[in-house]
């Protein structure tokens, strides 16, 4: 009787989906493009990070399929670890390169810290996935360990002690925010979206703490954004914890909510901002908003567009009331009305007054988040009304308790405005493809995503393998963005592309392919990748 050898142990894996591979190929194309443009030790770290994130992504996908992830993530998408892991590192690299060219050593080091922080939080997400995968994936652990060792070694010899402490502080905040927010908000994020959103919030929170403890003064416009973002997040955590012990839908709870909002805003937020900018925040804001006649005209124009957006919501809900179907949903074209309105909002602001647009987008973000709190907690008198009005515009990405797509749309349009290192553009004005950086959100989301969705859903017949997106939608998206660039050249005299047309076309085409294959929140991901490519 012959003795049979046991079968070899094969590391468990996740079936390689064609759409996931295509998404990974697009991301690697972006990484290699930035690597070729920068070509230093930090860009080699980015390549190593992308390789390990590609392998770990399938472990996350497997955990999501089997329901073994630590938290409840959004199930209508893959983990998205690779595209999300590369955003902060690549953004830091192009920021460093840009500020080095402009001769600004402070923001050059700041870009390196951004890149190092992005790599740290991405490695943590990878370690988390590998730590809870059973049996332990030895091959992937070896690849991730090798890439992590290279990154840590290079960063150890590149960062100062203070910068290393700053990266570790952000990582610690990121760990705690993951435990708190992913527990409070189940099914709102994929692992990649959580990495991107919570990593950004952690970095902003650490910057606020750092600025508060030092005497260095910054631009009040930037500090206003930092205080608003951190304040709204902390307010959400506070009320989520509070309403665990009391019913948020009663009048007593609603009155308490509004009173505490005023107390936190007037008693904490305004004094904190006053400490940072060394002046009265309300007087500064009023003087800033009404400083010139152009700003008054822009504010009046934006108020008109906001009124039109409210009318669109009311009209669509009136149609639902008259419809026989109780599950009536707004069609794709109706949802894209808001994209057109946002484009009409941002283009005049970018052309005529970018600092005003910066502040106005910050105020709008605070209003959106506050209204979402009112809807989520059912705060009277608007809570139930907002639930009814906004339910019409839900899609498969709003599977959690929060409705975030409209906030992601605002972030996608605003991040190219917020993230431009303005001190690095003073001596050397933006030229070439970099001149289109403020328009990255307008091109990728306002024009590209909108046109792809409308034409793809109405006329598309040839589908990209493994996705619902169509070849016709992607091609019309690229064409519409090229036309938009031509119009920007006509109406914005400050834009000089300097014969960098091939790079612009390649950047737009690459991001359009990413839109076709990604299952992550495209309103947030696409503008960031186009911003990175244009800044490079």
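Note: Cβ is positioned from N, Cα and C throughout, glycine not excepted.
The transmembrane segment annotation in TrEMBL covers 16-34 (among others).
Beyond the transmembrane segment (107-130), the same-chain residues lying 6 or more positions past its ends with a Cβ under 8 Å from any Cβ of the stretch are 42, 45-46, 49, 52-53, 56, 59-60, 63, 70, 79, 81, 84-100, 136-137, 140-141, 144, 148, 151, 155, 158-159, 163, 166-168, 170-171, 174-175, 191, 195, 199, 202-203, 421, 423-424. Per TrEMBL, transmembrane segment is recorded for 107-130 (among others).
For 136-155 (among others), the entry in TrEMBL reads transmembrane segment. Counting residues 6+ beyond its ends, the transmembrane segment (136-155) has Cβ neighbours under 8 Å at 11-12, 41-42, 44-45, 48-49, 51-52, 55-56, 59, 116, 119, 123, 126-127, 130, 164, 167 in the same chain.
Annotation comment: TrEMBL describes 167-185 (among others) as transmembrane segment.
Positions annotated as transmembrane segment by TrEMBL: 223-245 (among others).
Same-chain neighbours of the transmembrane segment (257-276): 211-212, 217-218, 220, 223-224, 227-228, 231, 235, 238-239, 248, 282, 370, 374, 377, 379, counting only residues six or more beyond its ends whose CB sits under 8 Å from a CB of the stretch. The transmembrane segment annotation in TrEMBL covers 257-276 (among others).
Below 8 angstroms of C-beta separation, residues 289-290, 334, 337-338, 341, 344-345, 348-349, 352-353, 356, 360, 389-390, 392-393 of the same chain, each at least six residues beyond the ends of the transmembrane segment (296-315), sit close to that stretch. As annotated by TrEMBL, transmembrane segment applies to 296-315 (among others).
When Cβ-Cβ distances below 8 Å are used as the criterion, the transmembrane segment (336-352) is approached by residues 294, 298, 301-302, 305, 308-309, 312, 360, 406, 409-410, 413, 417, 438-439, 441-442, 445-447, 449-450, 453-454, 491-492, 494 of the same chain, each at least six residues removed from its ends. Marked as transmembrane segment by TrEMBL: 336-352 (among others).
If you look up TrEMBL, you'll see 358-378 (among others) marked as transmembrane segment.
According to TrEMBL, the transmembrane segment annotation covers 399-419 (among others).
The feature transmembrane segment is assigned by TrEMBL to 439-459 (among others). Listed as Cβ neighbours of the transmembrane segment (439-459) (distance under 8 Å, sequence separation of 6 or more from its ends, same chain) are residues 332-333, 336, 339-340, 342-343, 346-347, 350, 409, 412-417, 469-470, 472-474, 476-478, 480-481, 484-485, 488, 508, 511-512, 515-516, 522-523, 526-531, 534.
What TrEMBL lists as transmembrane segment is 471-491 (among others).
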